[in-house]
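Marked as domain 'Amidase' by TrEMBL: A:22-463. Taken from TrEMBL, the feature active site, charge relay system covers A:LYS76, A:SER151. According to TrEMBL, the active site, acyl-ester intermediate annotation covers A:SER175.
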Amino acid sequence: MHTKTLTELRAGLAAREFSSRELTEHFLRRIRQFDGEINSLITVTEEQALAQADAADATLARGEGGLLTGLPVAHKDIFCTEGVRTSCGSRMLDNFIAPYTATVVEKMAAQGAVMLGKTNMDEFAMGSSNETSFYGPVKNPWDQERVPGGSSGGAAATLAARLAPAATGTDTGGSIRQPAALNGVTGLKPTYGRVSRWGMIAFASSLDQAGPMGLSAADCALMLAAMAGHDDKDSTSLDEPVGDYLSDLNQNLEGLRIGVPEEFFPDTLDGAIADSSRDALRELEKQGAKLVPLSLPSINLSVPAYYVIAPAEASSNLSRFDGVRYGHRCDDPVDLLDLYKRSRSEGFGEEVKRRILVGTYALSAGYYDAYYRRAQQVRRLIRDDFARAFAEVDVIMGPTSPETAFKIGAKVDDPINMYMADVFTIAVNLAGLPALSMPSGFVNGLPVGTQVIGNYFQEGRILNVAHRYQLATDWHQRIPGAFA
Amino acid sequence: MAIDSKVVAQVAHLACLQVDDNETAALSERLNDILAMVDQLQQADVDGVAPLAHPLDVSQPLRDDQVTEPDVRERVMPIAPATEAGCFLVPRVIE
């Protein structure tokens, strides 16, 4: 059952080939068998999963059900789940039992999804390798000496190892797409505001967006249909109609205009990775798409702009962790300031503290204009580059990540090098656009991903392009040998 | 502009983080590396460009001034590190 896609499992449940309980027990067994090796889950919610599965079976027996009835899903441990530990990968929240449930989790549960557990992640989603997690690094199922990417690395590894058929992720600078690429799975970051952020622990609020991760574009379409929509509880959630993602999947690509920015294929790029994305473009050309060379000159400044904006917003968001109302509290504080300082210093890891300090510095008196204001101006230049491009093309494509999965420990002492892992993904967050990563080949036995970027609210179009590509290729069906 | 140990200590104080003296040298080096990378922003020609806070230039919606928050005291007090009589306890702030 674990080699099937979510879409196939849904059909299997509908045809009564197996029950939700059988399906759920199968994945729970696989988690018990394999998760010790790859460390992709922080918490497994076995009892609740089985209760939800039984409820789903009862619903299905009545001939009823929603989009996800009886289908198991693993949620990133950044989404609050009432009564279940929600750690965000941090010692700060190791003892935090969420008192409410995130909208994303609630909406998927309302469509009948069964929660298997909570996936490992970089601490507070700050990282591109999953090495900053308080719970230890996740291992890449394709090569356990390597990282799964991050920050949704636990989610991507869970999928690659087939420990769950569906997962949720969040993406602030590439945290869905980069790990999807490094694990050979498909992940979509929707338009900023498409999916509610309520109950999703905030990192950089003007960039954070939740999205689906799965084994195929069709699976992501199914999940997004359940996740998307306006939410009064999130003031940045947008009141736009939700597309019919499943019906859009099969449209033909005749006449599709694909923008190919020169900035996504720099001379310094690994030739094998460039070839993988170029092969994907050729496949889409065969299906009737036209390639349009273009330039997005300002995106070369996206990494520096991001490393001002994201830490600045993080320094503000993470000020809520003060040892008073929830989370870690130091022993025997001598006064209030000591309580704040020691609780925070003990609760946060090195990378999180580093980003809080950078953000605090960038926002401090005298530096605001030089850093934050300028970064926000560059952000507009980047958005305008994309707006000009989308006047000419329907989607924009290139490699998701400039490299395949790197060795655990290879970059921990070199933050700048680590930050460059997201060089192709960050501009999309700054512009607020939707983008997907799909498997497009292998280099030295490690998966490579290609990114499809769309205009605002064009999730249906992106999923359609990826689905048509996946009908013609089988990269997304490959399973790492040890987990087959 | 270089960050030295003194600046690290000052920023750490603003951020309510405790940084030990033996950490500040290494930390200021790391922060300087990050700021050097970020300084590429100075190359950009941003004359007359308005800062962008929301990618779709959407402003915050307003709603009627009505009570919508439920009373969650019973749900949130049990997860607090120290409480008494429905209040969060902190070290004495007034002598």
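Easy rule for this one: first residue shown is 1, then count along the chain.
Placement of Cβ uses the backbone N, Cα and C atoms for every residue, glycine included.
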Any idea what the Cα distance is from A:SER151 (active site, charge relay system) over to A:LYS76 (active site, charge relay system), rounded to a whole Å? 10
So what pLDDT does the domain 'Amidase' (A:22-463) average out to? 97
Can you tell me how far the Cα of A:LYS76 (active site, charge relay system) sits from the Cα of A:SER175 (active site, acyl-ester intermediate), in Å? 11
Below 8 Å Cβ to Cβ and six or more residues apart, same chain only. Which residues does that give for the residue listed as 'active site, acyl-ester intermediate'? A:ASP122, A:ALA125, A:SER128, A:GLY150, A:SER151, A:SER152, A:GLY169
